[in-house]
């Protein structure tokens, strides 16, 4: 039997070809792009790690040291106006400073505040805040302003919450993505961005794992250096020290990207410019009212924001029954973040196959279905803790309150994971068959109105209830929130079904 050398050569070339395709699929980064990709990834990792640490810390401080009910007030009356203010400031900075210097300035302001909070403000918060007797007298004389008084009396905690909430919008969404979008070509983005998504979830998982082990780290540092500071003060200082270190690494990485990694071609693209034809709130409403397709997409965004916030408030309030200190609460949030990272990676890997095999509607309806089913389970146990919680607890031999917290955590993990993948991808797909003008302005309109109304609408609704009923708590209004939640989810599923019809019609129309 003779062996043909040309056949062997062809076989090897086919194997090499298949192996090359597999390698390109797993690692699509070209050799000359590796340094650029790795530095951008490092910058993204640092920013997201900080984001997840301060997100957990702000909730830990506010829920355990002021009250979970105040979060809705902070979101509507604190975060929203601050976001508008910083947008105005940013626009003015863009017209007066270099893009690189804007990044350094804004990051430095955030890091300076975090350093002051860790080493000056929090260790002395009892001296800086109003005395409990004064707060009690004020709330007794002005009961309808109770929650505003509590927030102002513990002003440093409120300020920390607002600053921490601004980080993802200002540093990640604005500074990071505007920089990356400017230095990345369209061809590069197709290969870079999917990997960014996977790596960002790795950051969530690691941040969560760090917070889970915060108590152990605290004990180690205390024993190693014979520190005398309070346990919870040290926990906050450990978290914010990591934040400061990663912040400095971010600044250095950004400097290296600008001065060592990027070539002149990429640097020529790097300009932060404000668009003269930015869409206003009034124009957004006009666009939504004129197009049913865009109106339905905006409805999905509004319903998501309302539904998630309606569950998060009572869930965080329930968690404070078990996790009563900032350290304990941060460890609990860390566990939740770890699972969110794992499940999001799972949905990322599964998402494209679901869309391809089962179609747009099935993929789009998964998120509202998950939110609805898990949300109803949470409210059922939370509202009827003595009945439903006791039945479940008898089977799994645990505290009924812990059952509600666990179901709430599962609800949040699955909801956020499916939102980051299936919901976001199907929402973006819904724009594709539209005419170019509607696609561009319609997306801006839906994102502006849908996102803002979803987040702020739920916060305003909850804060209004607490103003009218100052003695109310999340536990006492939970049934009311459950009814609103059910109506919101039903509307969400209906809007998804109707958008599916519009989506199919738009595809048919675009193919004519």
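Using the three backbone atoms N, Cα and C, a Cβ is placed for every residue, glycine included.
Swiss-Prot assigns the feature transmembrane segment to one of the listed ranges (136-156, 157-177, 262-282), namely 157-177. Range with Swiss-Prot annotation transmembrane segment, chosen from 12-32, 390-410, is 390-410. Between the listed ranges 34-54, 412-432, Swiss-Prot ties the annotation transmembrane segment to 34-54. It is 192-212, from the ranges 192-212, 444-464, that Swiss-Prot records as transmembrane segment. If you look at the transmembrane segment (476-496) against the transmembrane segment (157-177), you find fewer than three C-beta pairs under 8 angstroms, all six or more positions apart, and that falls short of contact.
The stretch with the most CB contacts under 8 Å to the transmembrane segment (361-381), chosen from 71-91, 157-177, 296-316, 330-350, is 296-316. At the 8 Å Cβ cutoff, the transmembrane segment (34-54) and the transmembrane segment (296-316) share fewer than 3 close pairs (sequence separation 6 or more) and do not count as touching. Comparing 102-122, 231-251, 296-316, 330-350 for CB pairs under 8 angstroms to the transmembrane segment (71-91), the maximum falls on 296-316.
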